[in-house]
Every structure is written in structure tokens, then in C-alpha cells.
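Trainee: Please find one structure pasted underneath; my questions will follow.
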Amino acid sequence: MEGGLTHDAIKIGKNVTILCINNSFKKIPAKSIWLSGNPLVSPTTLLMFQLSSISTVSLLINVCFKPLGQSSLVSQIFGGMIFGPSILGHSQDVADTVFPIHSRAIIDVFSGFGIMFFFFEVGVKIDPYLMVCPGRMAAVIGASALIITTGLSIGLAVFLKTSVAMSTSLQNSLILVASSQSLTAFPVISTLLDELKIINTDVGRIALSSSMFSFLIGFSTTSILFSIKQANSHHIYSFLPPFLSVVAFVATNFLILRPKLKKMFTQAMGPKCIDEKTIAFIFILVMVSAFISEVIGQHYIFGPLLLGLAVPDGPPLGAAISSKLASLGLAFFYPAYCAVTGLQTNVFDVDSETYYIIGIIIIFTFVVKLIAVILPALCFNLPIKEAVVLALILNARGIVELTFVNLWKDGK
């Protein structure tokens, strides 16, 4: 809508939300405070202020939470919640000044790039051989943690839906909530082990292998469900084209791209052979893979994660990519995604009944997964102390679960 409007306006119809934005703000340059102007009227200046504020607050919270043994993910989500409707954003004036409606789309896109490159970097650090050949103990523990936990938690969710009075919204989402609590995502476990500096211990290696095998099963199932969702008819074979496109995408990455990269970059070449053009080419591939993921009906993080697994880990290529992405990605891009999630969180919208029911699901799933991991570990003669530590590690929740919840929320 051109001209005329001095503020953002929203008009809500039956099932449609129309957002009218004053396009003139794009033409307004940022004015300094010495000219009695508001620098935040410029979209670029506003984005820089939002990102720097989020990163600074998240870093400060992380400094406070680190002695308590909390993951950096917790501080980043809290950083977003501080600016969201739960705390500062509860004041409409603050919300309109720091995170106005017209800026949400821009920071959402930026945070999407953050999570995309984060998953790519996690994939680069992992040897995909551990995913398909995790070893007998890791395979049994990973399968047990996923299958038993998923089955019992979904069973509890169904029981609660039929036995306990709850809101329609909670009733419709309870099974998905239970499913998200059953996930064992290797990007989360890998990041946690790295933060705790135990990734190279015996327990760390078992935890990583188990989570990778469990994630392989869960991710494959999710890809199949996405393919079924893309089917344009009720015919039993209509899901095959979307599913086969996923298979072709995976095969292209591992049977064509990975051997090519291995041939081009060998350890004998040394890190000096990885120049800026090579890194730029790989980063372009990340964006292309995300685009292809969306084209074939998958989530855009599917392609970058798959590409990261296809890139040979270690020197020279994998090490060079990790060093390029580590600081900028983990300190700047990645917190933006977590913070955007925090911005959308309003603790005052959740009633006590919902807290009670969700709390039951979380505690039950936590206990079931502890048992599902400890018992197989003891059968493989793992000491009880290490078995308990392993179960606690595999119970960790993180960015993958957060991404799934955001995905389900966007899909209503």
C-alpha cells in the first residue's frame, strides 16, 4: 500500500490476515541523534540493532548460566524471550520500537540462514559412516531409545487425550509434543558433547553413534511422512515421486558429490589449497541444497545437513569450513534463530492446565528414555555409572527439537 499510512496496520478477516505496511519507510534514510532523528526507521539500521542486542544479551546470559551447567541454547532462547512478549515486549511501546511488525519477516529470513549454516557445519564435523555402521551396542541403544520411548510416550498422549479435559489446541498437538520429546538428534548430542569436552571419551563416542543411528531412523521416517504429505492423490503409489526425489537427492550427495570432493581435496594437499573461492563455492552449494530441499517438499535444513555429511570431514576441506563458520555462525547467525523463537514465546498465554499436562509428558518421556538406554547398556556390560551418564546425554533436547516445533507451528 503506497503512502498515507503512518503506522503498520493489520486487518483480520475470517481466515486471512492482511498486513498493510507503509512502503515509504524503505525510502527513509537513518538519521543520527544529532539531527533529532530516529536511526531505527531504517530497515538496515534496525536489523543491525536487533542482531547486536540479541547477541549481546545472549552472551551475557550464557556467562551467568555457564556455571550452572546450562547449554548455550538455553541462554540464546532466554535472550529472545527477554525482547519478546514475556518480558520487555510485554510493553507495546517497546515491542513497536525494537521489533516492529514490518521487521519480523527480515529477521526471520536472516535467522533461517543461521540455522541452515549451523546444520551444515554440524554435518561437516560428523563421519556419516558412524550413522550407517554404528556398531552393535550403539545400534541397539539408539533403536531402543527411539522405538520404546516413542511408542510409550504416544500411548500416554492418546490416553491423556481421551481421559483428561483439555483445550482443542492442546488436544490436537499432544501427540506431536510427545513425538518431539522422543527424538534423539545427533546435532544436539554432538554440540552438547563438544561443549562438555567429552566427545572423544568412550561414553561420548557411544552417545554420538547411538544418536546418529536413532536420528537416521527418525529422519528417514520424517522424510517419508513429508513425501506422503506431498502426494497429490489418495492413490497408494502417489507418494512415490516425492519419495524417489528424496532418494535421488541423497544418492547425488553421497555417490557423486562426496567422491568428487574427496578426489579434489586430499589430506596431502594441506590446508593452504583451500582458498576463498573454494569456500565460496561450498557456501553456494549450501544455499542450492536448501533450495532443492524446498522444491522436493522437504524442510530447507534437510539439504544443508545432508551436504554437510557428504563433505569429507577433517583436513583439509572439512577443517577449513569449520574454522570459517565456527565463530560467525555460532556467535551470530545461530543465536538469531533461537532468539526469534524466544520472541514468539509468551509464557502468559499458557494456562496451568497446559503446564500440568505437558509436564506429565516430559517427565514420563524422560524416565522412559532413561530406562530404554540404561537396560541395553547394562546388557553390553557397560558400568552402571557410564550407563546413567549415557542415558542423561541422550535425553538432551536442543535445536533440532526446537526446529521441529517451529515447523509444526508454521504448518498449524
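Each Cβ is built from the backbone N, Cα and C atoms, and glycine gets one as well.
Not my notes, these are from TrEMBL:
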| type | residues | note |
| --- | --- | --- |
| DOMAIN | 57-410 | domain 'Cation/H+ exchanger transmembrane' |
| TRANSMEM | 46-65 | transmembrane segment |
| TRANSMEM | 72-89 | transmembrane segment |
| TRANSMEM | 101-124 | transmembrane segment |
| TRANSMEM | 136-160 | transmembrane segment |
| TRANSMEM | 172-194 | transmembrane segment |
| TRANSMEM | 206-228 | transmembrane segment |
| TRANSMEM | 234-257 | transmembrane segment |
| TRANSMEM | 278-301 | transmembrane segment |
| TRANSMEM | 321-343 | transmembrane segment |
| TRANSMEM | 355-375 | transmembrane segment |
| TRANSMEM | 387-408 | transmembrane segment |
Trainee: Does the transmembrane segment (355-375) come near the transmembrane segment (72-89), with 3+ Cβ pairs under 8 Å (pairs 6 or more apart)?
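Mentor: Answer no: the transmembrane segment (355-375) and the transmembrane segment (72-89) share fewer than 3 Cβ pairs below 8 Å.
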Trainee: Three or more CB pairs closer than 8 Å, sequence separation of 6 or more: does that hold for the transmembrane segment (136-160) against the transmembrane segment (206-228)?
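Mentor: Contact criterion met.
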Trainee: Among 72-89, 206-228, 278-301, which stretch has the most Cβ pairs under 8 Å to the transmembrane segment (101-124)?
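Mentor: It is 278-301 that shares the most Cβ pairs under 8 Å with the transmembrane segment (101-124).
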